[in-house]
């Protein structure tokens, strides 16, 4: 219990190192206006002043101060169509920020049949809150007084402010965001607590057990499996355990290349802090700006660069989790053990049903010397998949290799920012001419693979050549770094784009699966066709966007990621239609040999298929673990089983 | 599910305006021009470009065939190379070689032939238009019924004319053996399947991989006869499931998103092979398919065969059909290429779909006056038809009555409305069928073929066969409309035999009859209560019965309807009873099929001569074979393979029991439930 000992020489050294790191990292930022605080758990116990301590962090306690309450990401960042009707990305945070995206409007209108005239604006926060005051949109908290009293005495900050509670009552499923935009909320947590360290969590869990309070761990809030939804039937007081303040790197072990990190840290902070010391974890899920380490462990997350660094299960060396029965952890940091079933695998993917992950020791790597994006255009999706399969067979996949289908390629293309020079646009034109006219690729069939290489410069260049040589055998043409980089950008801005769509009657979502290689083409075709067919059956008036990419490769299969969106004008209950279509798409995935989930998790959204997915006995095993660890169902989010 | 498809075929053809005579245009413009027309179909959008050679290569190099070859090599001790070479030979013998220029040649010849034979070929344009769309969406399976050699290429001909991708067609291997013709057919898209594949594992493997590859790649629509062979009786034949399974498998395994089945109902006013078929049924073997035989048959080309209706049914989605019936996850845990026995739910589903398709085909038939007249002619004693003649007046009046009944039952008739015209219609119908009946002095007689003068006087046995040939021709035409009447007719028979009014009792007997006769008439497996309900509702609709919660009672007006319907089935019941009697009385317990067929025929002949048996239809070998299959299905006859021949063992007590139920002596008992047809 290292984090317990206050003021040991080691800890002081670490604290100082951290101060250095934080200062460095804050200097790069614009909004520095706060004092810096030593990361000392005990010291904060007595501090209840909310405003003082959190400015330096990406995620403050009052998340609503910097993030949207009813959409994705930062409040200052969004897509909009400006007065000239051009798409624009606001803010300063991203490469694309502040830029005009000329082709987006045409793509948007063309793809969805949407129109700038038909807007579907969201309820504003002010409206929502006043509505709440008048009509109790948010139910008053059911507080367990005894619990609250004892919690107060521990000094752990908590709140039962409506905004705080509403913010932690949802993830980012379409139906959740849609409801918020309409100003509707269901059951929300009755209070929010912000533990500052492992011990705080231990106290909270003890109190919860003592007073029979329901706990729902909350990390980054990026869930897309309804995992954060409060079960409406829950009558106990629900307490959201927001781990965002547990965000320190406790130590870095340069001899073994591991780092011990508090589980509330979000991906971008973790990378940034490690980078200061010349390291990285290399774990980059698409949600890494906001998702937390604890969340990754609890859902079995996967990162874009897993080919080099591995998925979360490969990265984790040691985990601590606080459960109603006490703390579960291993006794050593041996890189592999044969000690019965790996208890980490009870923790990973437990989705908050067993406890709160508080600290994780994970592998780190020196920062890569060199990074290079790349892209390859294929005449059609089939050739592209064949190429990826070959790359996987030869086990020479770069850090990331993704194959986008034709629709997604066009989507990516529509996100090209305005080019400043005539020369660039001339070059683009030339490229396009070469590919479509000279090489004879059909613009409505071609697809593109985006690549990211990492490592030593020499090795990267060599590796790049190897991959391009394979691609050439499948009719692939190298299509430049720019296309590649834009492909990855798409995944970071897609959630912002969904918010834009929702302003104009377009709703959508993404979902994923993993599937053996021989089924990749079949599943892509069938699921996309199913989505289109279901939309038609359900009365959707416009052709939906139904697109996919092969986003990860493995020895025995691949991960496929689908985007699905449609214009819902003319539908009385668009979310219901949306849910039916997504349900049908999942059925189709399962019927085609795909998994229930590759990395999003099960939550409550996909629970109905769990038995089928893991067999009755498997369910029994999971259930008996739950029954032992949490007999009173303190961790009552009812995910998974 | 079934209800939903019940009216698939029927709904569309209400007005006959939709049917267009495609020969009319050919009569007005150049045949050569037609043959050389620009052919620009819109193919399946997901089709992989694939030449005939690519197709063969894909089949031979498939993982599936590799697995099978490995198994066979291990079983037989031959080398993989040998097995693969054999597979290659099989494939060579089988595969089509569709070439547009041969289609043009075929088109040119066919135009000439069709114009000579038929006054018109009616095609429903709306069906063609839907097909044109469907072909672009998903791999399409064309599923025509098979009544005549003529329907073999007529579909390709129509598709060629209307710019729809040409199909590859599953054909019986004997056709391939015909000089020239075989090759022409092959180049017109035919691929050839051996008749008795039996347990030839490699052959099955090559064939199924070939079929699946055609479906998966979507290179062309696939055309096959779900009935497996040409119906000798113009009645639907029990569907074969092997090909149906091959065709549907790519959907089950997720290799295609969906497959579209297009039922096609081809109906003829007069069938080219009518007399040939009747003789074949009487045990006078059909000539082997040969080119010279075909040329010899050219005298049949001199005659008029009226018109042909080709009704393209509404496309049916396999995905839609199989929803809730198949759990496709069952293919998740083994490589999809690995040869595996289909699971029980897959077998049941395939069988259901195959039967459903036959039913939808039936519903698409366009019935002419002749089929209705044949029903009535057969209800007159044969002696009347051969000697005294049936009063024309009586026949025409009764035919009009049956016409109304058929319309009540939802048949689609090719019969111009208007009272005045009806007698003209019937007169010309009889004229068209001069090979079967003739009119003299206000009476109608059965035509009996002339025997060479030196053989007169004709022996009584020869006489029976002579009459039987004519009767069987007539019966075939009646069979064209049996599906309209068969369910109410089973109920009418149940009334007749049980004399009951209790719904429950009637249902039990109905189910018994349906079970016994389900090789004779095609019913969808497991649908017996729906069939019963349909029978009740049709009879109620025409005012023949009153239906209450518990009872079904015959109305006064209904007697005529019921007796007509019951008489419709009587020949079948009589024939079955003759055979049951043979099986019960015969001393032998074990017999070979050949022996059985000739013995039964002789018995029937004797009974007809003695006047004990009235129906000449009991001489039809088709009925004999059906009884044998039915008894096997009911597990009263078992087949064993001793030496080279198939031998049958009969459980006499069980046969007797069935016979007793059928003659109303004992109430129906549960017959052993029909096991799901094997694939």
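Placed from the backbone N, Cα and C atoms, the Cβ positions cover glycine too.
Curation does not apply to TrEMBL; its annotations are automatic.
The domain 'FAD-binding PCMH-type' feature in TrEMBL is assigned to A:185-367.
The secondary structure of residue A:352 (FAD binding site), as reduced to three states from DSSP, is coil rather than helix or strand. Taken from TrEMBL, the feature FAD binding site applies to A:217-223, A:299-302, A:351-357.
In the three-state DSSP reading, residue A:402 (site 'Important for enzyme activity') counts as strand. Counting every protein chain shown, the Cβ of residue A:402 (site 'Important for enzyme activity') has 25 other Cβ atoms within 10 Å. Taken from TrEMBL, the feature site 'Important for enzyme activity' applies to A:402.
All protein chains considered, the CB of residue A:498 (substrate binding site) has 22 other CB atoms within 10 Å. The substrate binding site annotation in TrEMBL covers A:498.
The annotation active site, proton donor/acceptor is assigned in TrEMBL to A:561. Classification of residue A:561 (active site, proton donor/acceptor) by DSSP places it within a strand. Every protein chain considered, the tally of other Cβ atoms within 10 Å of the Cβ of residue A:561 (active site, proton donor/acceptor) stands at 23.
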Tally every other Cβ atom lying within 10 Å of the Cβ atom of residue A:223 (FAD binding site). 29
Across all chains shown, how many C-beta atoms besides its own are within 10 angstroms of the C-beta of residue A:301 (FAD binding site)? 27
Any same-chain residues 6+ apart from residue A:217 (FAD binding site) with CB under 8 Å of its CB? Would you list them in sequence order, or say none? A:241, A:243, A:294, A:298, A:352, A:355, A:356, A:357, A:635, A:637
CA pair residue A:561 (active site, proton donor/acceptor) / residue A:402 (site 'Important for enzyme activity'), Å rounded to integer, equals 10
Show which residues of the chain containing residue A:220 (FAD binding site), separated from it by at least 6 in sequence, have their CB under 8 Å from its CB. A:59, A:244, A:266, A:267, A:287, A:290, A:291, A:292, A:295
Can you give me the Cα-Cα distance between residue A:223 (FAD binding site) and residue A:498 (substrate binding site) in Å, rounded to a whole number? 15
So, in DSSP terms, is residue A:498 (substrate binding site) helix, strand, or coil? helix
Inter-residue Cα distance where the pair is residue A:402 (site 'Important for enzyme activity') and residue A:498 (substrate binding site), in Å: 21
Going by DSSP, is residue A:217 (FAD binding site) part of a helix, a strand, or coil? strand
What number of additional C-beta atoms lies within 10 angstroms of the C-beta atom of residue A:355 (FAD binding site)? 28
